[in-house]
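Note sheet for the following structure.
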Amino acid sequence: MYFWSGSGWKVFYVVGFLCICNNFIANVDGSIHDYRNEVFTRQSNAFFFHGGSEGLYASKHLDSSDSSPDKPIKGKSFIRFESVTFVRPKESASKQNEMQQKTGLVEAIILEVKERERIGGSFLKTNLICCTHNLSKEGYCNAGEVIIQKNVDRPEWPKRFKIFFETTDEEVLMNPEVVEIDRTGMYYLYFMYCDPQLKGTVIKGRTVWKNPDGYLPGKMAPLMTFFGLMSLAYLVLGLAWFVRFVQFWKDIIQLHYCITVVIALGMCEMAVWYFEYSNFNSTGSRPMGVTLWAVTFTSVKKTLSRLLLLVVSMGYGVVRPTLGGITTRVLLLGLVYFVASEGLELFENLGNINDLSGREKLFFVLPVALLDACFILWIFSSLSTTLEKLQMRKNLAKLELYRKFTNSLAVCVLLSIAWIGFELYFNATDPLNELWQYAWIIPAFWTLLSYSLLVVICVLWAPSRNPTRYAYSEGDDLDEEGVSLTSSVITGDMATKLDRNVVYGLGEDVEEDKRE
């Protein structure tokens, strides 16, 4: 029996979204876990509060002889307790005997997720978390304390710190402690008490979690390097596009401006994320303003990238000069996607700072996945219509262009579908983040895929001296219809037939655009 697998997770499910809203009006902390009069939750015969969970790498230089909070921290990985205070209700304090020195016990327990079965009575075939009088008599534990089975290979783990209330005091301050991490893993911190008379006790203060190279949680640390590399990649793409843009500035079409905006947003997004992570790694806190900018850049860029794919698939600027009556629907889908994407990004970056389990994330991943599916269906439906038009008009240059684009997009979609399935499976089967060291690959894949598609569009629709190979021209329909008729037998009333076919062809295209 896992002592956290109960009401604690259920409560978190209910208030997950509210945590995000609360962070809009509070400071966004990183690896500094703040406790502001937090309450304990009942589980079995114990009361517990989840103090934090993060992936931590082992210290580069171990020094267990000095537990002072003032010792050098370079290259160290640790969890530090700062001003952690417990406050019990006045009623509970007044019932205590003034002659008794220790009148209430609260325990701070740090464990690696692999050792979770050592907390509680699971090894004794019982669901109890706190030691009872009978178990104490059998020598398994001390009555009134949390049951912990010591690890023979690591005798000091799980770590336990005991904090006692004295006489009738309502508050007790925990001594400053530093727990150095000697083994890489996912670590959990819990504050627990067994005495029912302490019901209503709250905790305040904070703990600081640090990895050897900075304050970034282990799950996020590889992303800082990744964002730095992607910033350079977008810079290279932007410079290449800018040179081409300036070289053929007289032949620029409106679609080129849309592509330029997406490249600029991608460059800004990666740069802002890199500096945000760098600041987080150095200070242990995340300024809300910078994080909001990064989150918004990501959501806007993702939305505009999908809209760009959609309007290109519809033949905007190539087969049709405008989107006509479907503009409102396109913008509405973009708006809904932006809201869903922003919610997911806020959950991941402005919510609880712990390395959260994947099950909560499903509530925000699923709407984005469904909207992505809507984009995919609409994009391929539009591509089918565009290809059909180009085949009817015998425009081989544009047809070849769109076939290359369709093949590239089909490969990306297949990869996306497979990756969505993998992501859902990964989050659902790793509820305790035991695979935290590989979790960064999931968001990195989407960034790489988006960048790859943008590169494909830049190559296919690059500015050139001959923009007519992909640009819309009012005379395309007339010329192409006329060419398609030259193979017919010339008769005396050829001009009349030609005019009728031209008018009929144009009318058909107009009606088709209206239907779309």
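Just so it is clear, glycine is given a Cβ too, placed from its N, Cα and C backbone atoms.
Among the features that TrEMBL reports, domain 'GOST seven transmembrane' is placed at 222-467.
Here the transmembrane segment (220-243) has Cβ contacts under 8 Å with residues 57, 211, 213-214, 259-260, 263-264, 266-267, 270-271, 273-274, 277-278, 280-281, 440, 443-444, 447-448, 451, 454-455, 458, 462 of the same chain, all six or more residues outside its ends. Taken from TrEMBL, the feature transmembrane segment covers 220-243 (among others).
Residues annotated as transmembrane segment in TrEMBL: 255-275 (among others).
Taken from TrEMBL, the feature transmembrane segment covers 326-344 (among others).
Residues 306, 309-310, 313-315, 333, 336-337, 340-341, 343-344, 347-348, 402, 405-406, 409, 413, 416, 420, 423-424, 427 of the same chain sit 6 or more residues outside the transmembrane segment (364-384) yet have a Cβ under 8 Å from a Cβ within it. Summarising the annotation, TrEMBL assigns transmembrane segment to 364-384 (among others).
Among residues of the same chain six or more beyond the transmembrane segment (405-426), those with a C-beta under 8 A of the stretch's C-beta atoms are 309, 312-313, 358, 362, 365, 369, 372, 376, 379-380, 383, 387, 435, 439, 442, 445-446, 449, 452-453, 456-457, 460. TrEMBL lists 405-426 (among others) with the feature transmembrane segment.
What TrEMBL records for 438-462 (among others) is transmembrane segment.
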>> What residues elsewhere in the chain lie close to the transmembrane segment (326-344), defined as a C-beta under 8 angstroms and at least 6 residues from its ends?
In response: 20, 295-296, 298-300, 302-304, 306-307, 310-311, 314, 364-365, 367-368, 371, 374-375, 378, 516
